Amino acid sequence: MVKSHIGGWILVLFVAAWSDIGLCKKRPKPGGGWNTGGSRYPGQGSPGGNRYPPQGGGGWGQPHGGGWGQPHGGGWGQPHGGGWGQPHGGGGWGQGGGSHGQWNKPSKPKTNMKHVAGAAAAGAVVGGLGGYMLGSAMSRPLIHFGSDYEDRYYRENMYRYPNQVYYRPVDQYSNQNSFVHDCVNITVKQHTVTTTTKGENFTETDVKMIERVVEQMCITQYQKEYEAYAQRGASVILFSSPPVILLISFLLFLIVG
């Protein structure tokens with residue numbers, strides 16, 4: 001008899017909890033969409049020019065805090081604590097620990113599992129780019145540029161344009177336009193520098209098309225990140241609502257008691 005009363009109270013509390021959750025305020029949907037009209041960014045419209053000037057005082061091809069091709073804390077080709085052909089710690093080959101003919105082997109670096117899990121969950125953080133993350137690869141969008149020549153040129157050269165974008169977490173921006181503007185700036189800058197370093201140059205038509213392609217991908221990336229961010233917030237609200245807390249506390253009381 002007592003067990004039936006306890007089961008009835010648990011059922012009542014469970015129904016009350018879900019009824020309270022159903023009355024929660026619905027989250028707003030992000031604005032904007034694919035190719036919804038004219039450009040939303042100032043400074044566009046100049047033929048052949050870059051419509052997204054880089055911010056923060058850095059020039060094209062200069063990452064934050066250092067020059068391209070310069071690693072942190074040392075030059076290329078210089079290992080830590082010794083020269084090439086020498087093991088760590090200053091010992092010579094074949095001299096190790098008092099035994100004859102042993103090779104001194106450098107210790108293997110330990111993998112930080114927290115960093116691996118964070119990169120898998122939110123995208124890889126790009127070193128030297130001020131905390132930007134690299135999004136997953138996308139299919140390049142089909143875009144019409146208003147002329148047969150440009151449409152054909154885009155179809156023939158789209159493989160030369162980026163299919164991933166750099167971005168920061170959406171909670172660092174007040175709206176979609178700010179996210180997309182910053183995303184386009186850093187992605188176009190990084191792709192242009194990387195490609196020109198390999199000896200390939202872009203024409204004015206290429207720059208125009210790269211900006212359009214990257215803009216569409218940045219909008220898609222924002223919508224994806226915003227939805228994931230909203231779902232995480234909904235989970236926090238779910239488990240922090242008073243009825244759910246009361247139900248969990250009651251169940252723990254029954255288990256412990």
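Just so you know, glycine gets a Cβ as well, placed from its N, Cα and C.
Keep in mind the model is a prediction, meaning the values are calculated, not measured.
What Swiss-Prot annotates here:
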SIGNAL    1-24  signal peptide
REGION    28-113  region 'Disordered'
REPEAT    54-62  repeat '1'
REPEAT    63-70  repeat '2'
BINDING   His64, Gly65, Gly66  Cu(2+) 1 binding site
REPEAT    71-78  repeat '3'
BINDING   His72, Gly73, Gly74  Cu(2+) 2 binding site
REPEAT    79-86  repeat '4'
REPEAT    87-95  repeat '5'
CARBOHYD  Asn185  N-linked glycosylation site
CARBOHYD  Asn201  N-linked glycosylation site
Local backbone state of Asn185 (N-linked glycosylation site), from DSSP in three classes: helix
Which of Asn185, Asn201, all glycosylation sites, has a Cβ with the fewest other Cβ atoms inside 10 Å: Asn201
Residue pair Asn201 (N-linked glycosylation site), Asn185 (N-linked glycosylation site) - Cα distance, angstrom, rounded: 18
